[in-house]
Structures are given as C-alpha cells and as structure tokens.
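If you look up TrEMBL, you'll see 1-201 marked as region 'Phosphopantothenoylcysteine decarboxylase'. Here TrEMBL flags 14-181 as domain 'Flavoprotein'. Per TrEMBL, domain 'DNA/pantothenate metabolism flavoprotein C-terminal' is recorded for 197-405. Residues annotated as region 'Phosphopantothenate--cysteine ligase' in TrEMBL: 202-409. The CTP binding site annotation in TrEMBL covers Asp289, Lys299, Pro315, Asp316, Ile317, Leu318, Phe334, Lys348, Lys352.
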Amino acid sequence: MTASPPPGSLQGQRLLLCVGGGIAAYKALELVRRLRDAGAVVQVAMTEGAQQFVTPLSFQALSGQPVRTSLWDSAAEAAMGHIELARWADRILVAPATADLLARLSHGFANDLVTTLCLATTAPITVAPAMNHRMWLHPATQANIATLRERGVQIIGPEDGPLAEGESGPGRLSEPEQIVAALGSAAAVPPTHAGELAGLKVVVSAGPTYEDLDPVRYLGNRSSGKMGFAVAASAARRGAEVVLVAGPVQLPTPSGVKRIDVRSAAQMREAVFGAFPADIYIGAAAVADYSPRVSVQNKIKKTGETLTLDLVRTPDILAEVAAQTQGLKLVVGFAAETENVAHYARGKLQAKRLDMIVANQVGIAGGGFESDQNAMTAYWNGGERDFSTAPKTQLADALMDLIVERMNA
Ligand code: PMT
C-alpha cells in the first residue's frame, strides 16, 4: 500500500518552471533544488532574456531534465512538443516574472516559448514577480497583476527590501522556500475551490489594537493575529484580491495578500474603509472597545496610590461596515467570549446586523487567543455550523468554504 502525500506537499507534482529574464533568475536555480526536495518533478523553460543571466546547462544539471529555450527548436519539438509540455504540467510557475513577462501574460501574447506555454496550458499558473520597485508600482504593472489575479493566477510576492540597483522597495523575488511553501498551500486547496473567489475583493482585519496612554504604555489584548492571517491566506489561495489590515503582530504576510499595518482602533477603521469597495469583509481583529480620551505626550508620572483612566468608546468598525451596504456581498464578524458564548454571539449577529458571526471561547488553554488551534461555531440567520478543535489554518479553510456557500445561497 502506498502512503498518500501529506496535504500541501508537492509530492509527485509535475511542475513546469518558466524562468524570466531578470537578475533574480539566479535564485531560480536554488528554487529548482527546493522544488525537487519538496517532491516535485521539475522541467524548466527559459525566455531569451533569462539565458542572458543563467545558462540552460545549470538548470539541466539541477532539474535532471532537458531545458527548453525556444519555440523553434526542431529537435526539442520532436521529443516533447510545446503543446505536449503545456499538457504535461500539473502547474506552471513563472519565476522570476518580469514586468514585460507579466504584461505579455496578461494580454495573452504567444510570441515566445514561455508565453505560448502559459496560453496553451489548462494547469493553474503561479507567478512570482521580481523587478525594480518603480516598475512594480507603475499603474500598468498593477493593472496587469489585477487582470492575472482576476483570472485565478496565484501571485507570490514580491517582497519589500534592497534591490539589485542599490535602491529599496517592493520588487524582490520571494525567497525559494517562501515560494515552495506558497505552492504547497495552493496544492492543499482542493481544485474544486481554487479560483472560486477570483475577481472578488476580500478585506480581513486581524490582530489586536494598541491604544496609547503615553509614549511608553498602551492598552492592548492577547490577539496574535493567527486566526485572521489564516483567513486572509485562505481567501488569497482561492484567487481573491485580499487586503489584510493587521494590528501590531509579528507574523509573515501570507502570499498574495496586501497587508496594511496599523496600531490603534482609529487607524484600523481608516485602513478598512480605505480598502473599500470590497465584496467581503471579515472582522477577525480584537479591536479595543475603549481608548484613552487623550494620549499624553510625556510619560505619566507615579503620583497617587490609584490612577483613574478616562476612556472613551472606539468606533465599532464591524457595525459601521455592516451599516454601509455599498457593494458588499457578505459581512462576517468574530465574537470572542469567555461565557454564554452562543447567547452573546447571536446578540452581536443581530445588533451589528451581520450576515454571519463566528464565535469562539477565549481565556482558555488550547484555543482562542495566541494558540495555534481553536474551536468555533458560526451563526447566521436560520443556521449554525460547529467547527471542532483544529489548527487555525484548517479552520480558516473550513470557514472560507462556509463563507463561499453562504455568499452563493
Ligand atoms: O488573533 P488570535 O490570537 O489568533 O486569536 C483569534 C481571536 C480570538 C482574536 C479571533 O478568533 C476573534 O474572536 N476575533 C474577534 C475578537 C473580538 O474583538 O471580539 P468582540 O466580540 O469583542 O468583537 C466582535 C466583533 O466586532 C469582532 O469581529 C471585532 O473585530 C469587531 N469590533 C469590535 C470592536 C470595535 N470597536 N470594532 C470592531 O470592529
């Protein structure tokens, strides 16, 4: 009996790596090694530009397979024609994807081997962009990325950091291990769910908010952001354009997700509304209910035996989102409760006029805040669904299944 591959592994996947012509092409060599370590069978195709940076021979040595470099190579076409190669692949990965390559892919060009393979395949396509940060931020590139995302193409990166030209900004190719991990999680989404949110925009809030008392102290809570980040990652894997508004947490940004870091409830509100219009809002953040009336400029000095803080209510972001129905298909809240969980959660569903609320118990070991796992129950008008204890990443996938189901109900 053969053991089935673990979920998310690339075991046995036939992966066609298309290498674009950028300085980051050298990283694609390491990528081949990592992909093979993860169990994938890798074949490589290169653009003409890519061959200016790295030789086909290097890829041949690392992949253990002949490398394809041209549409017009009669010997290669006689062995495995390009249409056959496009059919062979379980997934195509374009890395590095240059601005030019993204433009040609988004417009359906077939003017070289790589673009022809991408047009001729029915396999899912992943692109890992790498370029100068100004080229990445240019409206033309952003429009091309939006088109590709809308078509269900998985986008990995680019990362923010130092670039080859000595400048810094978003444009670095994601590290090979990040790309392999993102491909693994895409493989974990059953093909029936991949791309089901393509063309939709999802805004997710996650983590705590910090309400500053003075330059050294704040009011905060124990949210780690793990639940919200997992939800954002799951939505991105299904092809959605995802904006993740994150309170102060130390978590890596999920692949294909646009992250906006904030600190206070007021900043979170501004970032959430700044990200609209959207189709789905999921409020997983533990937003402070109260904030100091004033945050003083200097450290509060120890004077009396007691200290009374003057706090004011923060804006209820979720309730405000639910009240403005403009274009939103579904508004989902979370309820963190220590007692009477179902009762309070149902109350919030009605009071905030939500489409769904996801209740979880906090203040317990092995669930709620900080933990890697959780248990929760989703309530909507006329129904409910239990999600028993599981890793937050798994719960996020199960919750996204339900969200898609409710949206289409
Ligand atoms: O981040 P982790 O460590 O992974 O933990 C996950 C979690 C426990 C934080 C998460 O699963 C969760 O329950 N999030 C909501 C926490 C919360 O603030 O619950 P609440 O019952 O106080 O608020 C109800 C809803 O209103 C929430 O969707 C919240 O985002 C929203 N809200 C609350 C207050 C406010 N001023 N604005 C809001 O939008």
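Our numbering is plain: 1 for the first residue shown, then up by one each step along the chain.
Glycine too: its Cβ is placed from the backbone N, Cα and C atoms.
Ile317 (CTP binding site) has a Cβ environment of 24 other Cβ atoms inside 10 Å. Asp289 (CTP binding site) carries neither a helix nor a strand DSSP state and counts as coil. In this structure, Pro315 (CTP binding site) belongs to neither helix nor strand by DSSP; it is coil.
When other Cβ atoms within 10 Å of the Cβ of Asp289 (CTP binding site) are tallied across all protein chains shown, the result is 14.
Within the set of binding-site residues (Pro315, Phe334, Lys352), the lowest number of other Cβ atoms found within 10 Å of a Cβ is recorded at Pro315.
The average pLDDT the prediction assigns to the domain 'Flavoprotein' (14-181) is 93. According to its DSSP assignment, Lys352 (CTP binding site) is coil.
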